[in-house]
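Now, the feature entries from Swiss-Prot:
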ACT_SITE  164  active site, proton acceptor
BINDING   50, 51, 52, 53, 54, 55, 56, 57, 58, 73  ATP binding site
COMPBIAS  1-13  compositional bias 'Basic and acidic residues'
COMPBIAS  25-35  compositional bias 'Low complexity'
COMPBIAS  351-360  compositional bias 'Basic and acidic residues'
COMPBIAS  361-371  compositional bias 'Polar residues'
COMPBIAS  406-426  compositional bias 'Polar residues'
DOMAIN    44-315  domain 'Protein kinase'
REGION    1-36  region 'Disordered'
REGION    351-374  region 'Disordered'
REGION    402-426  region 'Disordered'
């Protein structure tokens, strides 16, 4: 892969903060200054809210030692389903140096909240998909695919499965940064260790598992209640690649009386849609990829090199150059702000202690957590008054389009006038007990914009 932009990055380097505090020190790791400014640790100033979800909210922050902007993810300490520390642990397990992973600068308490400070990244693939009129060219999809196979291979090499594939969880770097053409993977709130840390053996095959992930992209076996493994992450990627090429998937827009029935319909439609039909009018390699990953055994290690080569050879055969000139290059990318992007995806989720929510219908007015309707492009945050995106790193585990929202916190806490770190949550939708779901209008960790109301726009 040739991440084109090798020119010198004239922006300050990512914040090299003090060693990450785990929140177990007796020394307070947050304070409020005399001017009422909230701090996380000794050097991270908490700014305005730029995202929210059932976990809590995401804030823009600044490292006062380096003047670098960061993302600060907040989760109420008394959350009924805390996951931020687990996500932090997974980030540490993945390491801070791998390409395409956000840096984690700090974890510790912040008043009534736990806080995780992360690198700021650019917009998600879903936002860029919107920007490109909801279709990507084959060249762009292949450049994305080759990178994401490598990202998933790396995650798997650290004994983790991701379980939350959706365009909202893959972000480019910030404009003008040397990482701007690299596709990053974020939000490990639904990740799971597939190698038992005690026995060092693969987790056992199980059935009758709750759905975990995003219904639009999840594997067929996940719909069937089978325990997920490496194969399921790769199948979900394949569904996402076809979503980008086609503009929609055959199982979008299905109606049902209950969420459980709807997820059942989505799974049934996936099973009944032949790969040849799903990939019709596109290169055979797309179908070959899906056939391969769907045939993998639960315990089997995928041949990542084979899959990368499949797409790399197609890329070369088409005469493309890996110049990182994606479809969105040259288009005006909006300045980041505090608007909330809502998605039309369908999520059915639980993960032991995590539940997910389903989006409201597109005819239902979607509002951000302040009750003000969101508008596409309503970016009221100027980072240093520069026109580069500074969307926060991990779309909070509860985020938008594909909608896998773990119900991390259900505090529904309202902010007091002087409380700069309140969390909010959405009211749960009643669903069958086997599938915990909550209504989804989730917001990304970075930003969520209300989509254009295209009449042809794809539905859940």
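Placed from the backbone N, Cα and C atoms, the Cβ positions cover glycine too.
For the pair residue 58 (ATP binding site) and residue 164 (active site, proton acceptor), the Cα-Cα distance reads 19 Å.
Across the structure, residue 164 (active site, proton acceptor) and residue 56 (ATP binding site) place their CA atoms 19 angstrom apart. In the structure shown, the C-beta of 164 has more C-beta neighbours within 10 angstroms than that of any other entry among the recorded positions 58, 164.
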